[in-house]
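These notes concern the structure reproduced below.
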Amino acid sequence: MFINMATLQEWTRLSLALTTIFLLLNTDGANGQVEYSIRLVGGSSYLEGRVEVYVDGSWGTVCDDNWDLSDATVVCRQLGYGNALYARSAAYFGRGSGPIKYDEVNCLGDESMLHLCPLLTIDDCGHYEDAGVVCSAPSPTLSSNSSIIRLVGSADTFQGRVEVYVDGAWGTVCDDEWDINDASVVCRQLGYTGAISAPGSASFGAGSVPIALDNVRCTGRESRLQDCESASTNDCNHNKDAGVVCAMEYSIRLVGGSNYLEGRVEVYLDGSWGTVCDDLWDLSDATVVCRQLGYGNALYARLSASFGQGSGPIKFDDVNCQGDESMLHLCQFSSTNNCRHHEDAGVVCSAPSPTLSSNSSIRLVGSGDPFRGRVEVYVDGAWGTVCDDEWDINDASVVCRQLGYTGAISAPGSASFGAGSVPIALDNVRCTGRESRLQDCESASTNNCNHNKDAGVVCASTILIRLVGGTSIREGRVEVLLNGDWGTVCDDGWGLTDAKVVCRQLGFAGALSAHSLAHFGQGTVPIAMDDVQCTGSESRLTDCSFQTSHNCDHHEDAGVICIEAGFAIRLVGGSSETQGRVEVYLNGIWGTICDDGWGLDDARVVCRQLGYSNAIRAVSSARFGQGSGDIFFNDVACTGSETSLLDCVKSTVNNCGHGEDAGVICGTSGSDTSTIRLADGYSALDGRVEVYIGGLWGTVCDDDWDLADATVVCRQLGYGDALTAPGEAFYGPGTGSIVFDEVNCRGTELTIQDCAYSTIDNCQHGEDASVSCSSSFAAYEFGKVRLVEGNSKYDGYVEIYYKQQWGTICNDQWDKTDADVVCKELGHEFAISTSDASEYDTGRSSTKPIWLDDVFCGGSETRLVYCNHGQWDSNYCSHGEDVWVKCNGAPGLVSGTTIGLVCGLVGSCILLCVCCILCCCKSKKGPANSTTAVPTGGSDPGAPPVVHYHPPQQYIHQPSQPMQPSAHQLSDAEAPPPTYELVISQPTKFPLVTGAVFEIPQQPSDPAYPPAPLPPGQNPPSAPNPAVPQPQVISNPMYLDADDVIT
């Protein structure tokens, strides 16, 4: 075979390229990309996003089939974060690209990595089904710079064996070269002020996890242990595990909050913890606390023991920070006080920014915009500026990328954003532009600069967003930075879905409300966007559909109120963790929910948000005790499909008291199918019905209890059909709660929890419901239908199977839609005809029961029992109202006959039209005189007839309408024709006219009124003799009274 040399060269190059790719893929792990790595993409912070996994040499997404909180828990654990808050589906954080690596993930929740869960590597998904998660931040000691580190082996939080989280697992540090510099970095990373000692030789016990680091060599200025020089290979054993003892003086902590980002402020001073008095306490003070703890911005400065009263000494009073201090004890304060613990100060911090927490801290200040400003870095426990000596675009690019932007536009010096007041930390910075952090660049820590040479940056940013005019950072008029200019958003079409995108982009947990009509004041910048239409899954407002042209004024500026990061929900006052009063954490405080409109759909959302599999009951009237504080929500109206209570329709104003606090009882996995029993029966097949809810057994009230409900209970227990459904505590009264009332099953449900029911009862245990089940299944399925007494299998009376017996259906409300469902269930297409409610009594008799009444189908049901209907065996019908149906396919409607009927009908219509046309044409000849022969001899049938003559009737012509004859006016001598009833009742008085002669006199020529046709068997009469008097025609009956004859 001849091979072209050029082709061979191409194949050779391709082979070399494929070999290179293969080698690169197989060395990814060595280069830092580990198989089964995981990441979050598209979120507003590092704690949330679309889940992507690294498998077989490439990143790919995870399908959301079966995706739930257990799966999300494993993802968050693998990433080293806190608990999983939400399991997001439907590409909540945007659609990914490339392969979909996993489908049908089914974690138990205790796995350490996602690939250890049961899953499929083949899928039938699209990227609109990409799964995502929202994690809570790790505990404070692990999260202060997201460089996961912890102290273990000691009862004290400030000392212990050092363990770091590397490559998805915890590991110890070998004490080779371990010293006070290394310990100082660890302690500062954990939020302490420094280190007292650096013990080795497993002083806090030998670890059991792998040894992760060895030969650590810190200078003492690093912000994270991972930034120090170290070796990942070692010749150590756990007898050489390193530890630290951190300096507690001036350490700070938050206590009493719902998460690590909030709480009562406590400082460690003079050997003990103490609180801070709220005199003069404001957001500047809170900002310093949040900065010292390594968190994000301060959201709120809380007063009046908002997080509960502390104990012990009050360490600080009259704190007065400028806001740029690195630690609280560097602010002005008084160490004496006149305060009590009801004045303890608190803070609410935002989560740390991913760009600041994943790299040693850097910030931009001196500008109202987050994308530009004076550069300041956190070095040796304090913020400092950067001198502009040798400062250029490469240096600025590293800063901007470190802050999460795509690059730098410019690198201004000469204190373009104002002169700083903190020390000058760096000088002569020389970046290549490829570094990931400014601290990785070459620089000098000594300088000959002053603050007139402070360096700055302007980062590349295509879109930013801000809130203006509100009373806090979580609310305000929406303004966007679009194409370099700030602008407002017009409120045309503005709604909660759009507000959610804004709040998510700003790093909040969600949107509380969307506002229009310049609720937060009119803007002065241009109007940048109009007709915004978000789906709610977008990560940025500009990802939504919108118009840049508009017909708006600033009185239409849109605004939002956001929910702070840290929104949470909890159950309080129940006998187990699955039940209780619903309380939500909103804007820094806990509050309750009013029970107005509270129902099972609302409870389902709460339980799902808390990680439970289902909701069993929605509880009202403060059944779990009255709460305190604010009532946040009222008139909650969830559909049941929302992932968060925030997504439900609700009101934030209320007229409620805490006596109306709402609660829920949630079910755990399996509680909806296996927790039902029969108690106190004569055998396992009968007894009082009891269900297990929220850790307790409870009974069912017998209101509306019937055999359909009992059938579901028997099916759920694995028995045969239900034989009886007794009430009134037939097997004795139960104890405890009555959990269900007014149960209304169709009889086809798999579990009683699938039926309609009420969780609010007015029952006593003397009304407990019971069942008696058979041990074997019946010959027919519950609710099955059939047709009987018809001419074929396609028609007949409808019967339905219930109580192991066939019975009929009453025709109240019955129509063709119901009949169609019967025919479809029997395998036919539709119903040709059926009885309806107008047939009151057909005369049918039967000994069978009438099982159903008031059936109402929508038309989409596959079985009649799925339709709405009245109670079983409860009606006022007779068998004369039994429903019958004729389905398509019945004999006598074969195709040939059907075609014949159609053709005959069409032909008849054509013939009728022709006749009408002919009649109309002839009728234009005018009205005709008419004659009727009547006997002259009274009642003598042999007498010769006398013919009466009437002149032609007169007509009134109305334009554009057919002419109608006027009513005949009788003379005084005439009487009206007798009625039909009179003729029938007096046959002797009105004899039948026999042998009558019909004479048709000459008519005027009028084509509109043609001559009337002759009666059958009659010949046209001869022309009348003018000399002979002519009889007058009387127009109606053949029966006449002798008195009607006129001579």
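Placed from the backbone N, Cα and C atoms, the Cβ positions cover glycine too.
Remember, TrEMBL labels are computer predictions, not curated facts.
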CYS755: disulphide-linked cysteine among CYS745, CYS763 [source: TrEMBL]: CYS745
CYS441 - recorded disulfide partner, TrEMBL, among CYS431, CYS459: CYS431
Spatially closest candidate among CYS228, CYS331, CYS441, CYS544, the listed disulfide-bonded residues, to CYS107 (disulfide bond) (Cα to Cα): CYS544
Top partner of the domain 'SRCR' (569-667) among 38-136, 252-350, 465-563, 676-774, 785-888 - counted as Cβ pairs under 8 Å: 676-774
Result, the domain 'SRCR' (676-774) in contact with the domain 'SRCR' (362-460) (3+ CB pairs under 8 Å): no
Selection from 38-136, 465-563, 676-774, 785-888, the stretch that has most Cβ pairs under 8 A to the domain 'SRCR' (149-247): 38-136
Which listed residue (CYS431, CYS441, CYS544) has most other Cβ within 10 Å, given these are disulfide-bonded residues: CYS431
Site of maximum Cβ density within 10 Å, from disulfide-bonded residues CYS117, CYS321, CYS648: CYS321
From disulfide-bonded residues CYS745, CYS755, CYS867, the one whose Cα lies nearest CYS331 (disulfide bond): CYS755
Structural state census, the domain 'SRCR' (569-667) (DSSP three-state): 16 helix, 42 strand, 41 coil
Model confidence over the domain 'SRCR' (149-247) (mean pLDDT, whole number): 84
